[in-house]
RNA sequence: GGCCAAGUGGCGGAAUGGCAGACGCACUCGACUCAAAAUCGAGCACCUAACAGUGUGUGGGUUCGAGUCCCACCUUGGCCA
């Protein structure tokens, strides 16, 4: 048999699996327990697969294959999240329809994914841009549109069940419709949005990073626009509480909790004082939200956001000009710029005053852009003594400050403050002071008392607030799902009947943004206007965001071809929830939150039968480039001469993040080869946990960086497959370290696992011959006791490790097995066969080929997973460490079944132990077979 | 600044509170070869000639026994501000 040649083996088995539909999931479970194992489906970008993709895909594939062999009815699908900006930008540049580019990219992704031998059921492939798919995305949108949230029942209900006041009913169907609009879970609203002129679209808050677009880094400005929103805030509490029982990592749950940002506090009403000259009629008030109502006595001024609707009403004539120019300036800033802590605070006095409701003090009202319209009520009471931003603002504008929570002594000492003269805001809890009836109460008690007081006097109410905002659902783009609605002349919204779905995109020749917040669809004049029963309607020119298609794709996989429903109810009942969902941590918040939200709406409306879609979630860690040694710029410049003398060069590396300092990457010039290589071992030493270059002594950090084109450290999976084969790529990606850890790539490491597969190959075959021939050591004989022990321990360890996704240690165990048997002249078939089954989920092509070489004629994909016998995993004699006062002094070899007394006797009798005890009194003996013995002497 | 992870050989990493460094990479030596590659064998934390001793970011603590548990600090990464 020839030597191990993945280029020959792998395409053959991929063809075999495809032809025989080996991994098709039949609808009939045949009584097997179900297991739905899902990858986060990729956006098929033009640059193709990244080595990060196969990491998650290999993990799920190993588990899918493992579960099949363990008798599960496995669902393991793959598809494409194919709407999105890059394809559209390509279309803008080339005039080519985005679907063409998308289709090419999908074909390339599919080819790459298939070349890795994953056991997907390709008959279930879905594509979010396929009208047969987005028909149901539109259908779900309409379902959400036709739902309102009942706060009493705490669930989404059909809009037809919304109670309509009688006087509205009397005014007829149009009035009812108007009444319903603001209750719908999908609704339209005018609000300031992040308009990105460069991309020609508005962006969701979460797509804006540091005041720039997440994609492309273009500037973003604020502009009011009428937009579709999804009322995800109605579900905030359920999205929060339903996290608890899920089998997700605590850190991801915490990120979701932070994003939802539940806080408990109070809304407080401040009356606005009449002005002289009067600018407003009396009776005006402003409501603020605060999480610290206990500090109300310390509120010495108020701040409204520049966009607050009362600003224009209360501003006095002499302040009008200053206020107006401030409003204009802040409109140009992003939320991030406005809330940045480090920055100097800005603001303008409105000339108006309010009354502090608890002590009747007259306090000035300012506007400042550190207060956002989108959080709370868009206005705050400022308590400069106990809030950092208020403190800075008060210092800036010389506003008064009253301490109402007594700081603890340590804090006063650390900050150099006195109770009456704070040098910083004291934000911790403490005992109330200067606060009337609250004095002497701790923060929790003070909160309770003041809220009771406010409610009793109708000055305020207890209020739970969420940081989570409603989800901006419109995009001014072409390449997304069209909204299945019509707009009437008086701006009424008419949903399309379900029979009209899918509403497809019009053919266009020009995909450029219009330059106004109208999307490119505004140019599709034929498509845009629709006449029904003699009335002319206009279609929506916005499209849905990319998140829409990915919110529910896991449901479509369950019944991907169904023309009558998004999926058959019985099938949904069988497969949901997803048992294991693996993907990148970059989707830890948004995709999962949006997806959970849609799922809950569908659950409330009776279309799915479990409240949460993803039972277990694992985030694979990012794969970085190969590691390199870095040193600081100062050290490099200082030692440049000496470095040149020892043939070391440095390259300046500027990090992408602006706040990170640049470093030099050091390389050693290999005299013989004339190339620059990583610093060799002998030039490096460690001291006190730090790494140094030996001469000249410079502190080094070994670090790996994100793969990026600009650094030139991107690994293309195609190249790895070509060089070492898919099985080696799969094995290496799993062998690198724990699935969830961030870890650097190493091409040498791929060679390592490639050599392992070569050893497995030679363990079983005779590679000196040209034709298929088993290695003469592989014999049909009874395995001896030790061979059985190695096998059964391997079965146990590989099975247990695979089950808990500890793939790296499972692979190490298979390597140990191979290291043992390649040294043996007798390799019993009865041991080799189960081993191949253990290897199969990890390196399926090689395992299938060798399985066939052992004489099998069918795939091993459904062979039962080998069972281990606990009795056979144990050796006759075991080694036990003996400690004296906790320090290892000897190792005893004793029979496996030894008891504590026997072990103690053996330890006391051992010569080395006697020497270590040195005649001292043995005060205590801890003997724990089969672990250790410890003699306490003194 | 807050919250959450994580710091173990030259590198990736392993280790239910019980022999630290499994497995792999790199490196060194040897076998095979005219030679190289591949392969096979041996070695490989530090200190030491050896015995011994020291070692899991730093400093304390709990325990018969700590990489593992607790406290403080330092560093790195992630998320939030």
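Placement of Cβ uses the backbone N, Cα and C atoms for every residue, glycine included.
Per TrEMBL, domain 'Aminoacyl-tRNA synthetase class Ia' is recorded for A:13-146 (among others). Averaged across the domain 'Aminoacyl-tRNA synthetase class Ia' (A:13-146), the predicted model reaches a pLDDT of 94.
Sequence annotations record features per position, and here TrEMBL assigns domain 'Leucyl-tRNA synthetase editing' to A:257-455.
Remote same-chain residues near the domain 'Aminoacyl-tRNA synthetase class Ia' (A:702-732) are listed as 6-7, 9-10, 48-54, 58, 61-62, 112, 115-117, 622-630, 653, 656, 691, 743-745, 747, 749-754, 756-757, 811, 842-846 (criterion: CB distance under 8 Å, separation of at least six residues from the stretch ends). Under the heading domain 'Aminoacyl-tRNA synthetase class Ia', TrEMBL lists A:702-732 (among others).
The motif ''KMSKS' region' annotation in TrEMBL covers A:706-710. For the motif ''KMSKS' region' (A:706-710), the DSSP-based tally of helix, strand and coil residues reads 2 helix, 1 strand, 2 coil.
Annotation comment: TrEMBL describes A:709 as ATP binding site. Within the same chain, no residue at least 6 positions away in sequence has its Cβ under 8 Å from that of residue A:709 (ATP binding site).
The domain 'Methionyl/Valyl/Leucyl/Isoleucyl-tRNA synthetase anticodon-binding' annotation in TrEMBL covers A:784-898.
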